[in-house]
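Copied over from TrEMBL:
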type     : residues                                  : note
ACT_SITE : B:288                                     : active site, proton acceptor
BINDING  : B:12-17, B:37-52, B:212, B:380, B:396-397 : FAD binding site
BINDING  : B:233, B:245, B:356, B:391                : substrate binding site
DOMAIN   : B:7-397                                   : domain 'FAD-dependent oxidoreductase 2 FAD-binding'
């Protein structure tokens, strides 16, 4: 179908074109929470950095490994990693809640519970495996 | 003034207009079809239809049964050849819509589900939950996007038809976004502008339903037929008039007065059927005119309740259960919660009758052709002769489709042998309109559109309501005459160009005043009671076939008022009989199968 | 009781940007923002806004109420303090007062081929079970009001982004058991202004007056688009 409207392809003369302000994401709570969700990547980056650094130290030998363990025990590092942990939990929560809407396979409540259960199982399995109990 | 040329011009982007445009485009892919609408097509009032669309579907049903229901529902004022054509073609049109993607509600095996509706002796109403009009309109709109030869003119408001020697030559419109006048020449024009419910104060209609198309044709000498028949829908929300669909009753909802009594059994619709077990043509499934009249009778006897100053009765859906309501009537639940703060699963909904539909309209023949060659009309703005004195719920959505297609095809057939009128032939008419529009503006004016419109709608409510009498109609008529004089002095004080809604409302009010005049004068002339037209005057309370088995025709006089004449009714196979519902109806000719 | 309604006025002939103007309106328990605007129009007939059905189905009366996209007819003054601000829908060009240019929205809708595509020529209705209907039914409930576009920062930043309603409509037809047009629609959804323009802010679903959940539709579209990409890798 065609459309006949004077100046339909471009804004009509005299129409006011709004501009998005730079701080649009501060404008209301919904956008702030969205930005917080996006920002969870920052502490997680720190956590991944720690892990990679640990692997690198392991390859250098015992002394370096001890050095890394000491580094990881420092209060500010523990604090940052706790932050990363809670950020990942927050992100998981938002993700688990969105997932049933994108893939409506079962009632949303059931799917959300299932995802948390799966997370718990995988985490416990990993702890047991790496801890040498399995 | 911008000048454009098209082959076919469709005025109105609702169900009928879209169906006509698609039919025209399918008939001949070389024709340029213009679709003008004063709003974006998906805003058209078809969107608000809730209940469904009728067509003979079930094995135990028959075309003859649908025909009889429609004719007796019309109180024998329907054109029977038109009804025959309609019932025969309705099913295929609903299937066509299905094939275009309409999400009709289904049975478990995937076939089409049908529901009960008032005045119909068996289930034959197709529905898409309780948003049937919405789904029909969006399906048609989206399907129309497939056709490159349909050019949409969104938010163009037609102010006049261009007519040269009783032949249509095009339309003159205001482009709402710029305020400019645009002259569009065409070989055929299809009016599909909807009804005029907004000339009444309490109505179920959207703000755009102002009778524009009816007045456009009427001012050029085309007769408006059966204008006295205005349908009150028995279940509108108090105050706003928001529609609560008849499907509520089709699903088993019951009507109660203030004492919790099912009063319909006192008005020839009984005996009482058990709650939740509706029976076609009994009680709540009687026709709309009878139900609205029963409300009025209850109000006279002081048996209605009060809801913030409005007399109401109650629509009780509680016994249907929350799950059934959520699947069959979700929109009704949403409306009741938003607008009267009631959850239908736990409390009855206060309701009262509100003006819903204009049975009358632009006189056309069975091909949707009016008395101006090349001018067609279809849908609520037209009177093709389907509804007579009372429309059955769910016949009008099917009508849009059946006759929308007819109008589109007829227009397409016509234009192939026509040529455009020369611009010079319409120049004077356009110039005249341009001068008129310019003369409407002034810096100040004591009167307002709002003031005149309020008085108009209240006068119509008073004089041309569910029951009418001579004194009330005369008072209404003199009010209308006074308002017309005030309207002539009225000025538009907003002189801006872009989106000047003050100008549009001014013009809509002018159209509404003309339509109101035809309603009032037709009602005065019909000194009998039939269908939706009920007179209280002595000697007029019964149907009078010997004098009034006729259509009224309102024709515009030079002074702008309507003169009423009469036209005979086409009767093919069902001679007039008494119209019975409830137990009485099961034996009579009018409603037996 | 009386409430103050601040309306962002804009007259293209005289103004360079919208300016707030305060009006007093009478409000009771059932007064909607649309009712309030109609009251204001009685005081000042030059006020421009769109409306029709006043029952939340025609989709005309979308406005920003205190910065949040709302349908005027379904938003009630009782839910606001003594003062509220109404402005034109965000992210669209303002034409006059509360009237915006809806053209980009309609262009995007048309771009996704929102109609059934199939070669089937039968004159009988298709069979479609309630379960098949339920797959797309929610997405067919969009009233084209445009609130989701005003809620979508991605559309605000890039007006070429197809946006929530158009992608939802594409998804509505892609999920319809009667349709065979998915391959015709996917290129538009796969394009840079298609589904991948969405970052799942999710505000579109929050403001949707008909609970259509466009965010879900868009992200279902991402799954479809990813599937499309993987399949194309294995094709010669």
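Every residue, even glycine, has its Cβ placed from backbone N, Cα and C.
A gap of 12 Å separates the Cα atoms of residue B:356 (substrate binding site) and residue B:396 (FAD binding site).
The Cβ neighbour count for residue B:288 (active site, proton acceptor), using a 10 Å radius and every protein chain shown, is 25. Rounded to the nearest whole angstrom, the C-alpha distance between residue B:233 (substrate binding site) and residue B:396 (FAD binding site) is 14. Summarised as a single figure, the pLDDT of the domain 'FAD-dependent oxidoreductase 2 FAD-binding' (B:7-397) averages 96. Taking the Cα of residue B:245 (substrate binding site) as the reference point, the closest of the binding-site residues B:43, B:51, B:396 is B:51. Compared over the binding-site residues B:12, B:51, the count of CB atoms lying within 10 A of a residue's CB peaks at B:12. Summary for the binding-site residues B:16, B:39, B:47: the Cβ-based neighbour count within 10 Å is maximal at B:16. Taking residue B:288 (active site, proton acceptor) as the reference point, none of the binding-site residues B:12, B:16, B:39, B:47 has a C-alpha atom within 10 Å of its C-alpha. DSSP classifies residue B:396 (FAD binding site) as helix under the three-state reduction. Ranking the binding-site residues B:245, B:396 by how many Cβ atoms sit within 10 Å of each one's Cβ puts B:245 at the top. Other than B:233, B:245, B:356, B:391, the residues of this chain whose Cβ falls within 8 Å of the Cβ centroid of the substrate site are, in sequence order, B:51, B:204, B:231, B:234, B:243, B:246, B:288, B:357, B:393. Binding-site extent for substrate: residues B:233, B:245, B:356, B:391, maximum pairwise Cα distance 15 Å (rounded to the nearest whole number). According to DSSP, residue B:356 (substrate binding site) is assigned to a strand segment.
In the three-state DSSP reading, residue B:16 (FAD binding site) counts as helix. Less than 8 angstroms from a Cβ of chain C: among the binding-site residues B:39, B:43, B:47, B:396, that describes B:39, B:43, B:47. Following the DSSP three-state reduction, the secondary structure of residue B:233 (substrate binding site) is strand. Candidate binding-site residues: B:43, B:233, B:391. Fewest other C-beta atoms within 10 angstroms, B:233.
Residue B:12 (FAD binding site) sits 22 Å from residue B:391 (substrate binding site), taking the CA atoms of both as reference points.
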